[in-house]
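Contents: one structure, followed by commentary.
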Number of protein chains: 4
Amino acid sequence: MNGNRFGRLFEVTTYGESHGPGMGVVVSGCPAGVALDERMIQDELDRRKPGQSMITTSRGEPDEVSIQSGLQDGYTTGTPIGMTIENKDAESGKYEPFVTAPRPSHGDYTYSAKFGTRNWGGGGRSSARETVNWVAAGAVAKAVLAQSDHDVRVKAHVNQIGEIEAPDVSFEDIREHSEDNEVRCADPETAERMRALIDDYQERGDSIGGSIYFEARGVPRGLGAPRFDSVPARLGQALFAIPATTSVEFGLGRDARSVAGKQRNEDWTVADGDEDHVVADEGDPIPAGNDHGGLQGGITTGEPIYGEASWHAPTSIPKTQATVDWETGEEKAVTVTGRHDPSLPPRAVPVVEAMLYCTILDFMLLGGRINPDRLDGHPGQYDTDYHPSSPRNE
Amino acid sequence: MNGNRFGRLFEVTTYGESHGPGMGVVVSGCPAGVALDERMIQDELDRRKPGQSMITTSRGEPDEVSIQSGLQDGYTTGTPIGMTIENKDAESGKYEPFVTAPRPSHGDYTYSAKFGTRNWGGGGRSSARETVNWVAAGAVAKAVLAQSDHDVRVKAHVNQIGEIEAPDVSFEDIREHSEDNEVRCADPETAERMRALIDDYQERGDSIGGSIYFEARGVPRGLGAPRFDSVPARLGQALFAIPATTSVEFGLGRDARSVAGKQRNEDWTVADGDEDHVVADEGDPIPAGNDHGGLQGGITTGEPIYGEASWHAPTSIPKTQATVDWETGEEKAVTVTGRHDPSLPPRAVPVVEAMLYCTILDFMLLGGRINPDRLDGHPGQYDTDYHPSSPRNE
Amino acid sequence: MNGNRFGRLFEVTTYGESHGPGMGVVVSGCPAGVALDERMIQDELDRRKPGQSMITTSRGEPDEVSIQSGLQDGYTTGTPIGMTIENKDAESGKYEPFVTAPRPSHGDYTYSAKFGTRNWGGGGRSSARETVNWVAAGAVAKAVLAQSDHDVRVKAHVNQIGEIEAPDVSFEDIREHSEDNEVRCADPETAERMRALIDDYQERGDSIGGSIYFEARGVPRGLGAPRFDSVPARLGQALFAIPATTSVEFGLGRDARSVAGKQRNEDWTVADGDEDHVVADEGDPIPAGNDHGGLQGGITTGEPIYGEASWHAPTSIPKTQATVDWETGEEKAVTVTGRHDPSLPPRAVPVVEAMLYCTILDFMLLGGRINPDRLDGHPGQYDTDYHPSSPRNE
Amino acid sequence: MNGNRFGRLFEVTTYGESHGPGMGVVVSGCPAGVALDERMIQDELDRRKPGQSMITTSRGEPDEVSIQSGLQDGYTTGTPIGMTIENKDAESGKYEPFVTAPRPSHGDYTYSAKFGTRNWGGGGRSSARETVNWVAAGAVAKAVLAQSDHDVRVKAHVNQIGEIEAPDVSFEDIREHSEDNEVRCADPETAERMRALIDDYQERGDSIGGSIYFEARGVPRGLGAPRFDSVPARLGQALFAIPATTSVEFGLGRDARSVAGKQRNEDWTVADGDEDHVVADEGDPIPAGNDHGGLQGGITTGEPIYGEASWHAPTSIPKTQATVDWETGEEKAVTVTGRHDPSLPPRAVPVVEAMLYCTILDFMLLGGRINPDRLDGHPGQYDTDYHPSSPRNE
């Protein structure tokens with residue numbers, strides 16, 4: 001209700017501001033019996049953390065996660081997983097000039113208009129720093145999926161920075177190569193050009209927009225609720241929740257505007273069972289193509305779900321800009337110094353993946369593909385003889 | 001949870017399938033004291049209903065709404081408004097060939113994969129026909145907003161069909177002229193060309209995609225929840241829930257990819273109080289532009305909220321296509337006869353507006369801008385002396 | 001959020017007032033593949049309907065249900081089940097004196113204090129008539145449970161009216177005999193005395209309170225969420241939602257106050273597998289007694305869940321009482337004529353059972369004991385080859 | 001959904017187990033502008049904490065709260081308040097014998113039946129220790145109410161232990177004297193007898209049940225949603241969520257069974273404006289009595305809301321009891337050593353109050369009596385010129 005919670009059965013609740021004492025996330029609804037440790041969370045946080053390269057903010061945050069609850073002997077117990085992450089390098093002081101004189105295109109004005117006050121250090125609650133919580137939750141979802149009977153694979157990479165677009169890259173290449181460079185573009189030659197462009201903007205005290213291509217394979221057929229909770233509706237919410245997202249597309253996306261029905265409609269064909277891109281057995285109907293992006297009627301077909309999302313240029317730039325103090329009504333100049341990313345997509349890649357993991361797992365729990373109480377066949381040793389798939393003894 | 005409900009305080013719950021006995025919608029959380037009658041609902045339904053022009057399906061549905069509850073003497077009572085709409089021209093028979101042999105690119109296969117069965121008449125629950133419920137709910141939200149102290153205005157029009165794009169049209173022109181033609185494009189010359197294109201596709205037994213531009217003005221500043229329930233997140237869900245939506249953009253949208261921070265960032269200036277496009281008093285800070293689409297940090301600035309969404313071409317076309325019967329495993333040819341729209345955006349315009357009305361009202365209730373129990377100063381005559389804004393007697 | 005919806009995966013949304021055009025209920029989240037028809041709903045409604053005996057209101061409502069959606073060929077499809085029930089014998093006129101002069105101990109004043117207006121015919125939205133919707137939803141839940149692999153049995157009977165208490169009656173006797181008489185007390189001799197007492201109050205123009213004993217058997221072990229959504233918490237909400245409920249107790253209930261730990265604690269023993277009151281296989285641990293009412297730590301043990309709830313005397317009595325007109329400030333006399341029940345429990349029995357069915361099914365869906373998409377092995381003929389319990393082909 | 005979250009607009013999410021690293025609670029939906037500090041939370045935690053007297057467990061937990069987010073300069077910001085509390089005196093070792101051999105009448109068996117594993121140190125997630133989070137959240141709600149324009153007062157005291165019942169005590173006496181003794185009974189003479197009884201049970205290695213009377217005054221008229229979210233329904237859930245609650249009653253409660261309508265119905269009279277127990281102005285209708293417990297039609301009348309709840313005897317007693325190891329199927333003897341309360345109500349008093357504060361505030365936010373974004377007239381200094389009650393500048 002208040003914007004601090006995501007998901008229905010796999011519920012993620014977060015707290016924390018950019019420059020407060022600490023961040024935290026409660027993951028409620030994680031099935032029992034999943035092997036989980038801090039290293040698995042940390043690996044994902046490290047992909048998002050500041051200071052990882054020259055094109056990310058130099059703020060010195062180790063982003064060390066501590067798991068406070070929800071585990072027994074290395075396995076989840078089904079009870080909420082509380083995770084905390086301290087803020088260690090917060091310097092609020094330099095944000096004092098903006099307390100009542102909002103920075104251009106930030107959330108300063110709107111948060112104050114809503115609440116009459118705000119955490120004014122950094123972006124406060126509106127800061128992209130807060131997505132550290134999302135990535136921690138996504139790491140839990142990823143672990144659940146990896147240990148389930150399903151073979152769900154999610155990966156994203158940066159496919160455009162400024163005018164520089166990546167060519168089409170295979171899903172396998174995205175999985176293998178998107179982390180090879182700091183830009184997180186799976187095509188090495190494009191990555192180099194993107195990197196040069198970002199450097200150029202950074203040197204000029206400017207910033208630049210960009211976009212991410214994402215894909216999920218192995219998602220079972222028949223997932224997604226009709227109507228308001230369709231897969232695109234829920235993923236749309238998930239992706240637009242990421243700070244600075246300006247567009248989301250699935251399948252043909254925006255290009256669908258000028259495509260005819262005859263061209264887009266895909267015949268049904270018979271699976272030979274060797275396809276590894278689609279969830280189907282030999283003899284099952286499968287679509288002849290995937291312009292539909294894995295979604296028909298808002299529900300999954302078993303084909304890959306894919307799409308793109310865009311991010312506008314970071315609004316924190318060291319240019320002198322004009323603002324107005326709302327206490328005095330006076331116009332004044334502001335300069336946003338500090339440590340900021342020159343382009344968002346490289347660090348948004350793990351955030352996009354986290355939101356996909358969380359949303360897909362939520363749909364799998366809601367669709368009964370993973371038992372919400374506990375994984376079948378998990379190795380926890382304190383079992384009773386109840387087995388979800390065998391109601392015999394109930 | 002199950003996809004049949006939308007909104008948090010202004011809760012919309014729907015039922016009904018394309019070829020079942022009837023459709024219905026429950027609007028729960030509408031404040032008391034709002035003048036409402038069936039005519040106000042019907043006017044909106046008539047904009048969406050089939051058979052309204054040569055470029056819409058000829059299915060003969062009057063879409064007459066009946067209000068079953070929630071009113072006293074012409075005013076809402078705060079209790080749920082139940083509305084029913086009969087299906088009068090359902091001919092399921094012709095869908096029998098598709099029961100186990102899915103039509104290409106429809107929801108036939110995915111609904112069956114999920115539920116193991118489905119309402120196979122028409123698109124069943126996946127049909128765009130079901131949006132009649134959404135438009136009815138949107139009409140209620142529109143009435144609440146119109147009678148509140150706020151001057152919220154919402155309008156959309158078709159801005160692209162196939163390759164034909166409309167030029168920029170002012171919000172006033174969209175409000176005045178988008179309903180002048182059957183395509184619902186506010187630029188008359190473009191509308192004519194779009195109409196010719198649609199006719200052309202229809203004659204060839206084909207269909208074509210397109211898009212809608214939408215805008216909301218007068219939305220108070222400071223609306224929207226942080227993070228997961230930001231305005232773009234919730235509107236993103238709302239718009240991607242509409243059948244066949246393939247992209248959603250806010251503000252600069254997809255183009256933000258190649259825009260620099262210096263260019264996009266908007267200085268704060270001082271309102272002179274005469275601006276009618278922005279919610280601000282004299283002396284308030286207002287942004288110098290609106291590339292941000294009325295949203296900063298996911299919360300409203302008082303500037304117009306605007307964006308675009310795309311729809312793929314209708315999948316029901318009278319072409320012979322290939323499918324597979326999943327009972328027999330046999331390939332077979334299907335031809336989808338029947339009455340279908342050749343392009344979706346003209347009839348999606350009222351649906352988009354309905355989702356905007358519902359979402360904006362929900363945010364206004366959640367933000368305390370409209371009392372969730374009752375409108376201030378409403379003319380209902382059975383009042384006690386409690387006034388929400390004056391807690392004196394409590 | 002607004003009080004018109006119940007349940008999480010099995011979501012029940014209702015509309016309608018005592019004297020409006022009609023009542024309705026949307027059941028969303030019912031799994032596909034359940035045989036359902038109007039007769040199954042109607043049988044339950046007939047147990048609750050007015051005019052069924054001399055000790056119920058004589059209002060002439062047939063309470064005929066019409067299913068508007070969610071079925072295909074007699075089986076549920078997983079999409080929402082819309083049900084409507086017309087009001088046929090509404091005479092609002094006689095409630096006009098109470099528009100601004102509230103009847104004692106009704107909801108007249110409080111609804112107006114909340115909403116500034118209200119449906120003033122009968123009790124409007126606050127009327128117990130509205131529970132017809134609940135019973136319809138409960139009939140759906142009962143059908144799902146009956147067709148599942150589980151053997152859940154729910155039954156309630158009236159165990160006290162005024163000072164007359166029923167002796168302990170076995171669950172089998174409650175199931176077989178509670179519907180044998182108009183009071184719905186399974187002990188025939190007590191039923192007769194209760195009946196005489198109710199007649200006596202009715203003749204004197206008065207009314208009387210009473211209570212219901214309820215029990216559920218066959219509920220699987222391990223159901224219920226920790227903490228805020230424990231079984232007693234959710235059942236407590238469900239039962240206190242019924243109009244005029246004044247107490248709810250589980251297990252030892254109120255008497256637990258004076259029971260020592262040594263006395264109440266129940267040793268664990270070994271099931272021999274022949275027990276039919278408990279869900280357990282041979283060799284499983286089972287408690288030596290059931291003072292805990294089937295619930296430990298808020299989660300089910302497999303033992304019967306049981307308890308009691310009380311209802312105050314109906315507030316509509318033909319006595320002349322004093323009220324105040326809030327428009328004029330004047331004191332005046334009111335006499336509530338009309339057709340009213342002299343005691344609530346006899347007609348509340350099916351309502352209690354409905355709330356138990358809905359709540360238990362909701363927990364079974366949430367706990368993965370029944371697949372939320374569809375019943376395993378259901379006889380619907382439009383299946384794809386996906387089976388929830390066998391992820392092989394996904 | 002998963003039981004770890006309570007409230008709708010005032011959302012409380014908790015994590016933590018009895019013997020894990022730490023406990024935590026996220027309060028989301030607290031309005032901005034409320035003065036809050038750790039001392040205000042700590043004062044309430046100290047009333048619940050272990051070791052506070054001879055009749056509470058001697059576990060050495062200081063229960064020190066640390067606020068991690070949601071404040072700026074001592075005022076709430078409207079963003080979530082994250083609070084953490086370390087577990088400092090956890091000794092899991094002695095619970096090892098119970099890992100697969102459940103203690104009688106605890107949640108050991110049921111948690112394992114649900115999840116297939118559990119945190120087996122102490123009661124794990126089922127432990128009453130977890131209510132430390134609830135009390136922290138309640139302290140926030142109490143602060144909001146205290147700083148609002150409303151004069152809501154909540155207080156509870158122990159009114160029965162074993163067979164010892166307290167006489168009726170005035171609300172003022174409960175407020176002033178319930179904290180005077182370790183039993184938390186406002187009648188000093190009864191408190192002494194209760195204390196002696198508890199000592200007696202403790203010495204004998206036994207435990208005893210009891211009950212709490214609670215009352216809330218100053219709650220505005222017209223709060224509560226119709227039907228499923230009525231005030232008794234939501235409070236019923238809140239109170240039955242507290243571990244070991246066995247009964248909840250409002251107003252006449254269980255005694256309503258034998259009370260006639262003529263006797264219970266309360267005439268409406270005219271307020272003279274001097275009543276301090278009821279929310280009413282001079283000339284308003286008020287009920288002549290309060291057998292209805294401040295609730296009619298499930299909505300508040302302005303009269304005090306009151307009732308009682310019972311707790312069974314603590315299940316941890318140092319008696320040798322029988323259990324069964326579900327791994328081996330063997331019967332064995334268990335003795336629960338450790339540090340445990342001999343009776344629950346004395347420490348449950350602050351928990352009951354916390355749940356009342358949270359629930360009442362939630363209803364006030366939902367009913368628009370307190371703006372969900374921010375308190376009017378709060379002293380935060382970073383305001384824009386928007387005022388919730390005056391939409392003039394929007």
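Heads up, the Cβ atoms here are built off N, Cα and C, so glycines get one too.
Around the Cβ of D:Arg48 (NADP(+) binding site), the number of neighbouring Cβ atoms within 10 Å comes to 25. Annotation comment: Swiss-Prot describes D:Arg48 as NADP(+) binding site, evidence class sequence analysis.
What Swiss-Prot lists as FMN binding site is D:Arg125, D:Ser126, D:Ser127, D:Gly297, D:His312, D:Ala313, D:Pro314, D:Thr315, D:Ser316, D:Arg339, and the listing cites sequence analysis. On its own chain, D:Arg125 (FMN binding site) has D:Gly16, D:Glu17, D:Ser18, D:Tyr111, D:Arg118, D:Asn119 as residues at least 6 apart in sequence with a Cβ closer than 8 Å to its own Cβ. In the three-state DSSP scheme, D:Arg125 (FMN binding site) falls into the helix class.
Residues or ranges marked as compositional bias 'Polar residues' in Swiss-Prot: D:66-79. For the compositional bias 'Polar residues' (D:66-79), the number of residues in each DSSP class (helix H, G, I; strand E, B; coil) is 0 helix, 6 strand, 8 coil.
Distant neighbours of the region 'Disordered' (D:52-90): 16, 18-28, 30-38, 41-42, 45-46, 121-122, 129, 132-133, 136, 140, 182-183, 195, 198-199, 202, 339-343, 346-347, 373-374, 378-382; these residues of the same chain sit at least 6 beyond its ends, with a Cβ under 8 Å from one of its Cβ atoms. The region 'Disordered' annotation in Swiss-Prot covers D:52-90.
Checking the binding-site residues D:Arg48, D:Arg125, D:Ser127 against chain C with a Cβ-Cβ cut-off under 8 Å leaves D:Arg125. Other C-beta atoms found within 10 angstroms of the C-beta of D:Ser316 (FMN binding site) number 23, with every protein chain shown included. According to its DSSP assignment, D:Arg48 (NADP(+) binding site) is helical.
When every Cα pair among D:Arg125, D:Ser126, D:Ser127, D:Gly297, D:His312, D:Ala313, D:Pro314, D:Thr315, D:Ser316, D:Arg339 is compared, the largest distance found for this FMN site is 44 Å. Contact with chain A, taken as any Cβ pair under 8 Å, is found for the binding-site residues D:Arg125 out of D:Arg48, D:Arg125, D:Ser127, D:His312, D:Ser316. Looking at D:Ser127, D:His312, D:Pro314, the binding-site residues in this record, the fewest other C-beta atoms within 10 angstroms of the C-beta turn up around D:Ser127.
If you take the Cα of D:Ser316 (FMN binding site) and the Cα of D:Arg48 (NADP(+) binding site), they are about 18 angstrom apart, rounded to a whole number. Counting only the Cα atoms, the space from D:Ser127 (FMN binding site) to D:Arg48 (NADP(+) binding site) is about 14 angstrom.
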